[in-house]
Structures are given as C-alpha cells and as structure tokens.
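Student: Below is a structure I'd like to ask you about.
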C-alpha cells in the first residue's frame, strides 16, 4: 500500500509518497512560492533532487505537478495514480469535534470550514489542498489528520480557561494544543526504545523548533500541553512570545496606540528569541552570538531554557512523576548545546546527562546515563509517517479497497 501525505501551507506544499510495507518514503518533495512569481517544485527520489520550475498560480496546479512528477518516466516512482491507495492530509485544527483522524466526506469539509475561525492562517490552505486533491483524484480516499487531535484527551480542568463559561460554550474558547501528530509519534517511539508499554509510562515530549511545545503524556494519553487556543501560547519560540500577561495586549492598544493587527504581528512575528536577541529567530545564530559574548543572545537562550524547565517541572507534578523526557523537532533533535542547557538544570529529578551521547544529531539516542533516574531521549519526529499510519488504519477500518 502506498500513501501520499500532503501538508499545505499558505504558499508552500510538502509531500511524501510512503510505501507502507517498509514505512519508507519512495519520493518526497517541496513546492515553494505557490501563487508567487518564481514558484518551484523540488522532487527527491533515491537521494537525487529534481527541480521543476513552473508558474503555479494555486495549490491545484502545484498538486497537479506533484502527481505528474510521481508518474514521470525519468524521475517518477509509480506507473499511474491507481497505485496511490489513499491521501493523508495534515489539518492544523480539528476543534473539539475530532479526537482522531477521519475519512473526509462533505460533513467533514463543512466542519473544517467552520474551524477556519479557530485557525485562520493554517486551515484555509489545508482545505484548498484537500479540494485540489479531490478534483484531481476523485476516486482516491482522503483522510484528515489533525494537529489538535492528540490533545483531545486533556481533562476539562486542563483545557478550560478561567474566563466566563459561555465564551467556551458559544465560541469554543479553550486550550486545544498543537504539534499533536509529532507528540503522538515520539511518545510511541519512546515507549518502543524504553521497551515498555506506553500505558505504563509518564512521558514529557519536548517539540522544540521555530514553533515549540511540550506535552505531558500519561499512560499513552495527553493530559496537558503548552500551546493553547492558538499556537502562540506556552514557550518562548523563534518569533512567538509564548505566555505573557494578557493585560499587555490592552496596554499596547490603549496606552501605546497599537492597532489589533500590529499587536498580532508583534506577538507572532517579532517576539520570541528574535525579539529578545535582536539577531535572529534561528537558535544556531543565537548560540553563535552568545558564544561571542552577546548578552542579549545569552538572555534569549536563558529565557527559552527557563520556560522549558518551568513546564517540565509543572508536568512532572501534574503526572505525579516522570519516566522519560523526549527531545524532538529541529532544535530538540539537533542542538546539543540547547539540550545540555536544559538538562543541566534538571538534576533535581535525578537526571544525569551522557555528554558523549548528547552529541547526537537527527538520530534516536538515549542521551542520559545508565544510572539516570529519569531517561532522556532524542528522537527525530516523523509527522508524515504518523499521518500515513493513521490514513492506512482508517482506510482499512472502512474497508476501502
């Protein structure tokens, strides 16, 4: 069985064609600058890259070129579209309605449109991608895999805000959490690495990248997570502010005369480690500047570390202990110095870092010592494979041939 995984951004599209026998991608690629001049498709097969430069006015045209690339005589990997058993779509927001992945039908599409108000930046391109695929592959089953679904197991006292209850009832204002597909994947992988049943474990998964979030996973279920109603809450991120006093928003608007759009831009695009350091949103640049004595770069790293430690401490308390802490995503998987900074302050949990093993980049490794009371793992996330697994499971459950 071959599953096509599609992840649509506002002007980009990532894809993988995964052979479910080996669970390996047989082709993958990225389309950039959709609807903008200079659009390009980079298609990868067997370690070789092929660039297709063609005007792509919309996502439909982009997906058309992706499908053409997959069957191309020179760099294609399948003979025809019938070889694709199903398409798995990453959808950022599934609201309260979807606690798991779902076969896409007209009712699901209506619900996705309804969730646009909850994810105005992310859900529209997801919907456009689904519609484009439906037009081009009308007989192929489509599955929606939601970033929010894994967090739907949060108890009410963890997802409710202390706001008037009718704001939740009428407008769905509550914590949803994001990066769920990644947290789900690495928590399952951690159980495998530890040789234990996930139902018997208390895990803290740290998805650290330009966007970052933590999740508390107790007995295989997410019981808390750091992002909230939107992906702006929680940790200090690349350009996002994370948790701040909400009254700062009204202060900026009333006292400093910022518009709502300006405040939104500041908090989403100009804050985080970029805003503090004044250098970059890339942790590699900030680490370099800090090593050269830049005080604001060092401050940005300390604020980031402090937030991660606060959440690890809180989630250890929430779960009544922790068996393992997992680092994943761009920074979590690849940054030895960031992991070291965080782990060095977790000695109170009986954690001991193996300095040599912590040098790992992009591979699965236990980076704590043998006698560390709490295990620490670095595990590369694989959201595409998780989407493909969910898609396969749903197609088989619905007996779709």
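Our numbering is plain: 1 for the first residue shown, then up by one each step along the chain.
Each Cβ is built from the backbone N, Cα and C atoms, and glycine gets one as well.
These came from Swiss-Prot, pasted as-is:
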type	residues	note
ACT_SITE	147	active site, proton donor/acceptor
BINDING	7, 383	Mg(2+) binding site
BINDING	14, 207, 208, 209, 210, 211, 282, 283, 284, 330, 331, 332, 333, 334	ATP binding site
BINDING	90	substrate binding site
SITE	179	site 'Transition state stabilizer'
SITE	240	site 'Transition state stabilizer'
Student: Checking your reading of the structure: which of the recorded positions 179, 208, 210, 240 lie inside a 10 Å Cα sphere centred on the residue listed as 'active site, proton donor/acceptor'?
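Tutor: So the list reads 179.
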Student: Can you tell me the CA-to-CA distance separating residue 240 (site 'Transition state stabilizer') and residue 210 (ATP binding site), as a whole number of Å?
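Tutor: Residue 240 (site 'Transition state stabilizer') and residue 210 (ATP binding site) have their Cα atoms 9 Å apart.
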Student: Which of the three DSSP-derived classes (helix, strand, coil) applies to residue 333 (ATP binding site)?
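Tutor: Residue 333 (ATP binding site) sits in a helix per DSSP.
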Student: For the binding-site residues listed here, 7, 210, which shows the highest count of neighbouring CB atoms within 10 A?
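Tutor: Neighbour-count leader: 7.
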Student: Which residue, out of the binding-site residues 282, 333, 383, shows the minimum number of other Cβ atoms inside 10 Å of its Cβ in this structure?
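Tutor: Ranked by other Cβ atoms within 10 Å, the binding-site residues 282, 333, 383 bottom out at 282.
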Student: Of the binding-site residues 7, 210, 282, 284, which one has its Cα closest to the Cα of residue 90 (substrate binding site)?
Tutor: 7
Student: Quick check for the class: what is the C-alpha distance, in angstrom and rounded, between residue 14 (ATP binding site) and residue 7 (Mg(2+) binding site)?
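Tutor: Just about 5 Å between their Cα atoms.
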Student: Count the Cβ atoms, other than its own, that fall within 10 Å of the Cβ of residue 208 (ATP binding site), considering every protein chain shown.
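Tutor: Within a 10 Å radius of the Cβ of residue 208 (ATP binding site) lie 25 other Cβ atoms.
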Student: Between residue 208 (ATP binding site) and residue 383 (Mg(2+) binding site), find the distance joining the two CA atoms and give it rounded to the nearest Å.
Tutor: 14
Student: State which of the following binding-site residues has the fewest other Cβ atoms within 10 Å around its Cβ: 14, 90, 284.
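Tutor: It is 284 that, of the binding-site residues 14, 90, 284, has the fewest other Cβ atoms within 10 Å.
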Student: Can you check which residue among the recorded sites 179, 240 has the largest number of Cβ atoms within 10 Å of its own?
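Tutor: That would be 179, with the most Cβ atoms nearby.
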Student: Please report the distance from the Cα of residue 331 (ATP binding site) to the Cα of residue 179 (site 'Transition state stabilizer'), rounded to the nearest angstrom.
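Tutor: With the alpha carbons as reference points, the distance is 14 Å.
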Student: Please give the greatest C-alpha separation between any two of the ATP-binding residues 14, 207, 208, 209, 210, 211, 282, 283, 284, 330, 331, 332, 333, 334, in angstrom, as a whole number.
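Tutor: The two farthest binding residues have Cα atoms 24 Å apart.
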Student: Within 10 Å of residue 179 (site 'Transition state stabilizer') by C-alpha distance: pick out those among the binding-site residues 7, 210, 282, 284, 333, 383, and say none if nothing qualifies.
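Tutor: For residue 179 (site 'Transition state stabilizer'), the binding-site residues whose Cα atoms are within 10 Å come to 383.
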